[in-house]
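Copied over from TrEMBL:
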type	residues	note
DOMAIN	A:136-198	domain 'CBS'
DOMAIN	A:200-256	domain 'CBS'
TRANSMEM	A:286-306	transmembrane segment
TRANSMEM	A:360-376	transmembrane segment
TRANSMEM	A:396-418	transmembrane segment
TRANSMEM	A:430-457	transmembrane segment
2 protein chains.
Amino acid sequence: MKNPLLVPELRDYLESDNHEALGLFLDSGHPRVIAEFLSALTPTEAWQVLGTGPLSLAAEIFSEMDEWFQADVAEILSRRELAQLVTEMSPDDRVDLLARIPENRRLRILSALAVAEREDIRKLSSYHEGSAGSVMTSDYATLSPDLTAADAIDKLRREAPDKETIYYAYVVDEGRRLIGFASLKDLILAPAHELVEEIMNEGVISVRVTDDQEFAARQIQKYGLIALPVINGGDALVGIITHDDAIDIITREHTEDLEKFMAIQGSHDAASYLRTPALTHFKNRVLWVVGLAAAGLVSGGILHHFEATLSHLLILALYMPMLADTGGNTGSQSATVVIRALALNEISAKDMLQVLGKELKIALMLAAVLACVAWIKVQLLSGGSPIPGGFTLPQVGGAIVLALAIQVITSTLVGALLPMGAARLRLDPAVVASPALTTVVDITGLFIYFTCARLILGV
Amino acid sequence: MKNPLLVPELRDYLESDNHEALGLFLDSGHPRVIAEFLSALTPTEAWQVLGTGPLSLAAEIFSEMDEWFQADVAEILSRRELAQLVTEMSPDDRVDLLARIPENRRLRILSALAVAEREDIRKLSSYHEGSAGSVMTSDYATLSPDLTAADAIDKLRREAPDKETIYYAYVVDEGRRLIGFASLKDLILAPAHELVEEIMNEGVISVRVTDDQEFAARQIQKYGLIALPVINGGDALVGIITHDDAIDIITREHTEDLEKFMAIQGSHDAASYLRTPALTHFKNRVLWVVGLAAAGLVSGGILHHFEATLSHLLILALYMPMLADTGGNTGSQSATVVIRALALNEISAKDMLQVLGKELKIALMLAAVLACVAWIKVQLLSGGSPIPGGFTLPQVGGAIVLALAIQVITSTLVGALLPMGAARLRLDPAVVASPALTTVVDITGLFIYFTCARLILGV
């Protein structure tokens, strides 16, 4: 996000070298707000303005800038400047930044960092993408169980400037094993001389570094946490994930679910719509549409199989799109509702029969209504034209309406079955992409349509 | 969520009247965890277990139960019991609970409450659903500007048990106007005798009671806040929205977006999939599918208009589904990508031309690939059969492939245009439901198809 509102003033200050005004500006609001104002400048200008404040504030504002603007600013910095900035950034933010810098430059910056930072970055970036480890930060506050409440508060106060949060502190033993948790509220409510081990809560909710990041975010949501501790295979505390990261993870996962459902592949972590080249967009989309087009060979084959029926009774061709559309619409409705209910844990894979029973009821009602609508449509559109082969409009219309009703029921059930089946196979229900469903529904629909015509009309 | 793991033990304790064990159980973990164990019991049993703990703990655990289980428990309580429980609950939770209780019972419970609680509930429930006011809570901590840091911490410590959070405190003047904000971290880092008005941050990020709840949640996300103050028309502080509510709001809004996109109406706030009667599901879905079926009259009319062409060249009917499907797939892909980019603020309504330019490039590439696929399909499916009217397969295939290419370009652009247009009109881009898009694409597709056939083949 850019906010161009202050561009003229900031440029004036820069030209007149008014360091005092620029310094005041940097401190005049939430770092995110300042970052949006600076993002409207050129990267060089933005860096000049940042340079007028203390490095810690500059790093904080820089961290709030959009990823692509961060990359643009990083590009114009000298190796030394960038190393200093990276050192001041919070561990999770700096790992993200470095991941977006070309490799040879990254290596040169890493070599300019202190050993401790370098080691921390190496550890944090070693976790598999999408895991809890890959989104955690290592700036968390720890307490040892034998501190008093007053000493604990004192320790948190001293460490506050360097920690992501001091509202939650984690109690670890000598081996850094996570044994408890105390909130700052617990500590200030406790008598000053009570020991941390008496104050702390022992049933700490935590995740492992290898757990899925969405699982971690959902734990934060479920328990209303400000931060969630992350432990390694040996139960040692290695990081925390904070509430603001949880919201970002959930937003990202929702987007990915929608995209899976709409059959678009590829991750969009690093770049925005306008920054992604058309060719990349093309690559993300082409595989699915070509695959679906190839799957369309099946429905094409079915149509060819029934070519004789069609040439006998062309009126059937005129209502093919209606059947396909209605089947597709009812199928994606039930799929959406079921995917949502699975996502919110309202149902699970073992509720298959209950879900199918309920969808069957809904489908019967929808089929009755849509059959009436289809009957009216047939009267309106084909009422005047003669029908070959000695058939009457009620006969042909009856076959079409019956096919439509069966199609609505089938596609509603298929729409519910596919995500339930995926859930049972422990696959992501959202992979049952809407276009894939449409293709399945198309194929069954053509079969139903021509079978009804054959049985009722004998063509 | 239910967790049946402890049902046998809990029933044993209840039967043997083992109050001590039940009391220990209630205090043995996060209230949410306890709530899940209790939800596997009957409402009567759950209430018996809750009764063994202090009322404040019972209210906390009760608040963590699923809405429907809360309603079931509330139903078996006496008016007096329910009034006591409601009094102990946090203001936002109790307003939600009361909203789900039948009106005559609700009025009787309200009359059993103290005047202050009643007034608080009346105020909180007066805000429009979906507004920031409707999701805020009134248990927030305030400070006056002339307190010292030490006194402020002391006040927060005393009030901690009754407040939603004490990590953020809001500074108000005599008229309760919000003039600043101080985090507990600011306060413990400040010298003990510094005044709150010197410590506080003046540029407080806040929302108005009438602002949209999603806007409020996005502010919490954007600025990484633990809580966001809500002010009324006179700038007086009236409530806060906390970080955990923000995650819930965002999850709910995502679901609603997906449902809008999939053309399902109705809110699911109160009930889960399995608890909602089939008839309600039917009502939520029927309007849209009937509307779309009615809109299908247009494409039906077009097909009738071109009936003569079809009867001349039946082969055209065989490829109609391919055109419709491919158009629908490419259209919903571009719509999904654009809706997502709009939702994440990567683009805005004024980027219309840039977006169309990019989608045009992508569409040209997709059209080229899909035209090749279509050409192969025509050769495979119709290669052997004779074509009437003296046409050759390359002629007919050429018309089909050309129509498909134009259809891919048109539907990709329409898929991008609809959400961009909605955004420009300040409508929700997600209302451009996928089935509605399919209907538009179907209609344009049929026109393109038969126009190409007429121009190239002269039929």
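These residue numbers are counts, starting from 1, taken along the chain as shown.
The backbone N, Cα and C atoms fix where each Cβ goes, and this holds for glycine too.
Only residues 6 or more beyond the boundaries of the transmembrane segment (A:360-376), in the same chain, are considered here, and those with a CB under 8 A from a CB of the stretch are 319, 322, 326, 330, 334, 397, 400-402, 404-406, 408-409, 412-413. Model confidence over the domain 'CBS' (A:200-256) is summarised by a mean pLDDT of 91. Taking DSSP states H, G and I as helix and E and B as strand, the domain 'CBS' (A:200-256) has 25 helix, 16 strand, 16 coil. Taking DSSP states H, G and I as helix and E and B as strand, the domain 'CBS' (A:136-198) has 23 helix, 17 strand, 23 coil.
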